[in-house]
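Per Swiss-Prot, the features are as follows:
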type	residues	note
BINDING	L120, G124, H125, L126, S353, P354, F355	(6S)-5,6,7,8-tetrahydrofolate binding site
MOD_RES	K229	N6-(pyridoxal phosphate)lysine
SITE	H228	site 'Plays an important role in substrate specificity'
Amino acid sequence: MNILQNLKKSDPIISNLINSEKNRQETHLELIASENFASMAVMQAQGSVLTNKYAEGLPQKRYYGGCEFVDEIEELAIERAKQLFDADWANVQPHSGAQANAAVFLSLLNPGDTILGMDLSHGGHLTHGSPVNMSGKWFNAVHYGVDKETNKLNFNVIRDIALATKPKLIICGYSAYPRTIDFKSFRSIADEVGAFLMADIAHIAGLVASKLHPNPIPYCDVVTTTTHKTLRGPRGGLILCKDKEFGKKFDKSVFPGTQGGPLEHIIAAKAVAFGEALQPNFVNYSKQVIKNAKVLSSTLINRGIDIVSGGTDNHIVLLDLRSINMTGKVADLLVSEVNITANKNTVPFDPESPFVTSGLRLGTAALTTRGFNDEAFIEVGEIIADRLLNPDDLLIEKECKERVLSLCNSFPLYEAKLESSIK
């Protein structure tokens with residue numbers, strides 16, 4: 001059964017658009033920090049007949065018949081997730097990281113309770129109490145940021161805020177923080193004020209799984225994550241904790257609390273991705289992700305472009321473009337013109353609006369999946385610097401695009417293994 005050939009026959013418009021997106025991915029340098037390239041096996045699992053199956057409830061406790069095989073699949077996904085993160089309990093049903101966070105909030109909080117998370121403009125996430133998100137509308141959200149001098153977490157300041165506001169839940173884990181998170185210090189603050197502690201490790205899950213970043217499981221009451229980004233699986237969510245009885249609360253908050261039927265085709269793809277991440281070569285991949293980020297950061301610094309916090313400990317490199325008198329909006333456009341995909345991003349204490357910003361966020365997970373190494377990332381950094389430092393030079397723009405295409409040809413995506421219908 002050739003699903004892609006069937007698609008080409010039944011809906012050539014969608015087939016052609018998928019083909020266009022595949023070609024875009026092949027010919028661009030993907031540096032969006034929240035993106036990665038799933039394996040063929042992951043994509044095949046999520047494109048399988050499992051999409052036909054409804055399975056409300058948990059394995060062995062379904063509200064529908066015919067679930068014997070999806071039960072086995074989901075149980076395998078749960079066990080692999082637990083093994084991967086040294087957890088005692090896992091729920092693999094959340095459709096996204098945001099859904100996972102919502103389920104945790106439903107379990108632990110009542111409307112009006114105080115939550116303490118990082119300010120979005122300092123590297124937090126919408127679901128950590130932003131006023132435009134449900135988390136900021138239903139709860140009394142207060143925020144901490146980074147130190148103005150170091151752009152790193154200052155636990156003395158965070159402790160003072162927690163003591164003054166007495167949050168019921170403290171959230172750590174970020175979308176644009178390039179440094180190691182000290183979960184033990186957060187645990188100490190949470191204990192002092194009597195708060196629950198939640199870690200959202202969506203960006204660093206793959207590094208945690210590879211034991212290249214501290215594991216939050218021993219310190220946090222609950223851990224949420226996405227399953228893509230550095231974990232390199234399908235788009236989806238995951239909840240983990242060390243207390244099985246506590247975990248039962250989250251089970252009920254996922255279903256029936258915030259979701260109906262689980263997406264068993266995505267859960268199968270999660271199981272495949274977790275299995276891949278349990279292999280020794282995934283640790284090597286994660287090591288290269290961090291190494292590449294450090295190389296990219298140092299290359300840009302050497303060209304006179306400031307990096308928030310002076311470097312990185314993970315996959316994120318956050319450029320502070322005030323050092324070259326440029327906005328994130330302009331930089332995003334400039335690199336896109338030479339086939340580099342990134343995103344404008346606020347930096348701590350940013351004078352610009354979120355629609356303009358002073359930063360550009362880069363990530364190394366996707367290109368590392370393509371096989372990019374230290375040498376390749378030096379070239380990536382040089383191309384970015386050449387483009388940003390010479391925004392009006394059309395010759396340099398042309399040369400930068402040619403260099404990008406040369407890199408793409410040197411590190412092909414999927415190595416032409418996709419079906420011919422989308423080649």
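Glycine is no exception: its Cβ is also placed from the backbone N, Cα and C atoms.
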How long is the line from the C-alpha of K229 (N6-(pyridoxal phosphate)lysine) to the C-alpha of H125 ((6S)-5,6,7,8-tetrahydrofolate binding site), rounded to the nearest angstrom? 15
Would you kindly give the Cα-Cα distance separating H228 (site 'Plays an important role in substrate specificity') and L120 ((6S)-5,6,7,8-tetrahydrofolate binding site), rounded to the nearest Å? 21
Counting across all protein chains shown, how many other Cβ atoms sit within 10 Å of the Cβ of G124 ((6S)-5,6,7,8-tetrahydrofolate binding site)? 24
Across the recorded positions (H125, H228, K229), the Cβ with the fewest other Cβ atoms inside 10 Å is that of H125
For H228 (site 'Plays an important role in substrate specificity') and H125 ((6S)-5,6,7,8-tetrahydrofolate binding site), what Cα-Cα distance in Å is obtained after rounding to a whole number? 16
According to DSSP, collapsed to three classes, what secondary structure does L120 ((6S)-5,6,7,8-tetrahydrofolate binding site) have? helix
Number of Cβ atoms other than its own within 10 Å, given for L126 ((6S)-5,6,7,8-tetrahydrofolate binding site): 16
Do any residues at least six apart in sequence from S353 ((6S)-5,6,7,8-tetrahydrofolate binding site), in the same chain, have a Cβ closer than 8 Å to its Cβ, and if so which, in order? none
For P354 ((6S)-5,6,7,8-tetrahydrofolate binding site): intrachain residues, at least 6 apart, with Cβ closer than 8 Å: S121, T346
For (6S)-5,6,7,8-tetrahydrofolate: widest Cα to Cα gap among L120, G124, H125, L126, S353, P354, F355 in Å: 16
DSSP state at F355 ((6S)-5,6,7,8-tetrahydrofolate binding site), helix/strand/coil: coil
